[in-house]
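Input: a single structure, listed below in structure tokens.
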Amino acid sequence: MSTRSTPTISQRFDRAAARYETHAEVQRHAAEQLAERIAALPLPAEPRILEIGCGTGLLTRALARRLGRADWTITDIAPAMLAAQQAGPPPAGRVRHQLVDGEHPAGLPGGYDLICSSLAVQWFGDLDAGLARLAGLLAPGGLLAIATLAEHTFSEWRAAHQAHGLHAATPAYPPAERIGRTLAGLRGGITREAYRQRHPDALHFVRSLKAIGASAPAAGHAPLSPAAFRRVLAQFDRQGNHVTYDLAYGLWRKQAPGVFVTGTDTGVGKTLASAILARAWRAHYWKPLQTGVAEEPGDTETVAALAGLEPARLHPPAHVLQAPLSPWAAAPLEGVTLDAAAIAPPQVDGPLVVEGAGGLYVPIDERHMMIDLIARLGMPVVLAARSGLGTINHTLLSLHALRERRLPVLGVIMLGEPSAGNRHAIEHFGGVPVLAQIPRLARVDAEAVEAWAARIPPLADCLARRWPDTQETPACRP
């Protein structure tokens, strides 16, 4: 919120706090809709949540019902609003309340899994800059979720003014498609809803805005004369006493720097592909779920040797299991309970290569497959595939599954005897590039990995070529 307007905004909402929810039909609806969208997306167990502009707690309560326990930081710019939220039933988990100017947040530690705001960011003086500052407080893979107002809000009220050659005092809201377009390092977008609210008459509409503290005129607007105001009220009544809210719901996920390497099958070459990428990008390596160590060494040790990674770039798995089975099947044999929602990536200072276990539909626990973990981590996917007979079907099926979940695919690495025809078919029908075709190697060792790593472009170049406009990159969604 701009420095000039911040005290006025705070004071206006302080005065409205006591009667706010009596007149907050639209705000209640938007909060429920935003909470529903957030709850449909993957979040870690007990996520760290920052709420901007909590008001009296409509979004807080809606999220608490859907998400359960969390680590909450609940903020507002108006002390009376924050107190009203605090007076209600607390959400489950650790809760902090803090006075914060959401456009210029200060004194917050960052690393949040979810930053959310319902019908508050429209008061920012510079929306894009404010959203960028909030995005900077996200953890890798974290979600920025907002509900705000777009350009067609109050169109009927403006039409009532225009019918008499007048200009409405309502703020100029941005086109929905422009909201968040400049956010760097995030992928996602806006969905819209036209919510129509009917009022008994025009004066009721005006008073309801004042009752929730939302009656501030646009900057530089001169008040209407009493006669002109009466003409506008009468015109609004003739139009039918309804007003449209152009609700824009924004969901963006912060991309962890790096990729998630998965395969079309078990044993297809994911570990070799991961080693080549880790070497090429001087990346960190992490395999969250390792099975089968009773029969062969873990992949972390293999990648360390092949890619020449120092210990600081190697991160231990969340779970190591003995049997050469899916994590879901192997865990009960050792009395281990797995929860994919609790698996969190390591904090790293550079690119991270994550290697999955098996293919996309390998079960992790009773509720989650490997593709669910990919969605929660929010990283672009590199799909390892065989080069030979049958790969077209397997690879296109895997790409289709990723596309159905709106998971971004950086490209495919093909392993085995090269096939120009299969490569062309995958790129043509799959709509993704083949990043490399690695033949059957006479020796799989550090020297061979280094030679192939030299052919892989830098990660930044791969991302830029794949998605020149980051706002057109598919969002990571369930």
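Backbone N, Cα and C atoms are what each Cβ position is placed from, and that goes for glycine too.
Sequence-distant contacts of K287 (active site), defined by Cβ-Cβ distance under 8 angstroms and a gap of at least six in the same chain, are S274, G298, D299, T300, V303, P317, V354, E355, G356, A357. In the three-state DSSP classification, K287 (active site) falls within coil. If you look up TrEMBL, you'll see K287 marked as active site.
TrEMBL lists G267, V268, G269, K270, T271, L272, D299, E355, G356, A357, G358, P439, R440, L441 with the feature ATP binding site. The Cβ of T271 (ATP binding site) lies under 8 Å from the Cβ of D299, T302, V303, E355, each of these being in the same chain and 6 or more residues away along the sequence.
Counting every protein chain shown, 28 other Cβ atoms lie within 10 Å of the Cβ of E355 (Mg(2+) binding site). Annotation comment: TrEMBL describes T271, D299, E355 as Mg(2+) binding site.
TrEMBL lists T291 with the feature substrate binding site. Residue environment of T291 (substrate binding site) contains 25 other Cβ atoms, counted within 10 Å of its Cβ in all protein chains.
Annotation comment: TrEMBL describes 50-144 as domain 'Methyltransferase type 12'. When the domain 'Methyltransferase type 12' (50-144) is classified with DSSP, helix, strand and coil residues number 31 helix, 30 strand, 34 coil.
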Which whole-number value in Å describes the distance between the Cα atoms of R440 (ATP binding site) and T291 (substrate binding site)?
25
For G267 (ATP binding site), which residues of its chain lie six or more apart in sequence with Cβ-Cβ distance below 8 Å?
none
Mapped onto three states, the DSSP assignment of G358 (ATP binding site) reads strand
Please list residues from the chain of G269 (ATP binding site) whose Cβ is under 8 angstroms from its Cβ, counting only those at least six apart in sequence.
G263, A384, R386, I413, L415, G416, I438
Determine the minimum-neighbour residue: among D299, G356, G358, R440, listed as binding-site residues, which Cβ has the fewest other Cβ atoms within 10 angstroms?
R440
